[in-house]
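Undergrad: Here it is, the structure in full.
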């Protein structure tokens, strides 16, 4: 065991020594994650989600520039995140998701491996390292959470530090430990041996049979569409994308199997997917013709072009290289995401302006708005004699809870201090701030919404979460509570002589 630990530490030391900028970037974003909790800074909110992209760009430049004159680009990559401080917060936007995909594809193509086996082997090693690092980081985080709550419960300490612990521990685990483990697992040359038994079983007896069943279902649906002479359903586009992507990914894994039972299927994969592509394009262009381009439809066209290009590339052995497929995907996705004038948003604007429908009117049938109201600005306690943190149920001297549709504020003996129907309470707080029940709530009014004035006290909510299904409806409260309870100072008695 001691030798294994020493070997592990030795490999980790090598990984750190060979990747200095990645380690600095990891430490920096680990601190950013903790600082984000403490400050709730909007600029940090814009930068922190892009850490995986910055890390992988730096990692790719490390291997590309090693021993070359332009090694300085690797060291400069430490500063690539700085311009993102001036971006709008856009985590989970199309720009963000496409960026994550493009960066990973760039990592795969950066050393220009035309040989399919070497390209796929690099991809499998990357996937294995990422999954292993993520799994171990998750286990470490869950263990830390269980230890924290065990100590909290047994010794009755740290009663009100849950959120801070979660923020710090998750930053350390996923922005600190996970990248270092990835560097550890992804170092060295790819294994030249055959895949392990689990890999063979997974592909031969689970994934490939499931893909064949998928193909049969799709072809039966295509026959139905052709017989009834109807249009394919809109969501079929996403099913087709999944089917074609899985087909070519599993095709690339076949050379690593000991027994290749499905070569007859993957050998003709391009011809297999052409009918699915035909249905895909019919559905996409029909909806574009009817409703014009939207950002989502532009990406459907780009993804469709990538899949069509891949199917055409793999018609012959000369052009059937995964390297070319990845480069094609990078070019098309980058074009509609980063080049001004032809971005998905620009195409949407041009198309919808021609239809006199810009900005696009919302389809309220799919409308959903969620809001989390919280405020971390300093609290003025002038005029109050006591301040108590508000716990949940029976955690502290003052506790908040929601039962059925009613919000309660109680003392430690469960004596009710305040109660009101939760949605009515939010409406009252909005009206106090000068808002109608159907208005959106601007961030500058959050502090006012969170302050509940009572006869002899002030209650400041820690958080109010609410949602609504149309922009002209009132909010429904899903959670409210936490925060602080402040008791007002009593006036001193005066002597009446």
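Including glycine, each Cβ sits where the backbone N, Cα and C put it.
Note that the structure is a prediction, hence the values are computed from the model and not measured.
Marked as transmembrane segment by TrEMBL: 21-38, 44-62, 69-86, 92-110, 131-155, 167-186, 198-223, 235-253, 265-286, 298-315, 322-341.
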Undergrad: Counting only pairs at least 6 apart in sequence, do the transmembrane segment (21-38) and the transmembrane segment (69-86) share 3+ Cβ pairs under 8 Å?
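TA: The transmembrane segment (69-86) and the transmembrane segment (21-38): touching, yes.
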Undergrad: Can you tell me which parts of the same chain pack against the transmembrane segment (198-223), counting only residues 6+ beyond its ends and a CB-CB cutoff under 8 A?
TA: 232, 236, 239-240, 243, 246-247, 250, 253-254, 256-259, 261-262, 265, 272, 275-276, 279
Undergrad: Checking distant contacts: for the transmembrane segment (44-62), what same-chain residues at least six beyond its ends satisfy Cβ-Cβ under 8 A?
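TA: Result: 18-19, 21-22, 25-26, 29, 32-33, 35-36, 73-74, 77-78, 80-81, 84-91, 96, 99-100, 103-104, 106-107, 110, 175, 179, 183.
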Undergrad: Select the range from 69-86, 92-110, 265-286, 298-315, 322-341 that forms the most Cβ-Cβ pairs under 8 Å with the transmembrane segment (235-253).
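TA: Most contacts with the transmembrane segment (235-253): 265-286.
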Undergrad: Please report, as numbers and ranges, the same-chain residues at least 6 past the borders of the transmembrane segment (69-86) whose CB is under 8 Å from any CB of it.
TA: 21, 24-25, 43, 46-47, 50-51, 54, 57-58, 61-62
Undergrad: In terms of Cβ proximity under 8 Å, which residues at least six beyond the ends of the transmembrane segment (265-286) contact it?
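TA: Long-range Cβ neighbours of the transmembrane segment (265-286): 208, 212, 215, 218-219, 222, 225, 231-234, 236-237, 240-241, 243-244, 247-248, 250-251, 254, 297, 300-301, 304, 307-308, 311-312, 314-315.
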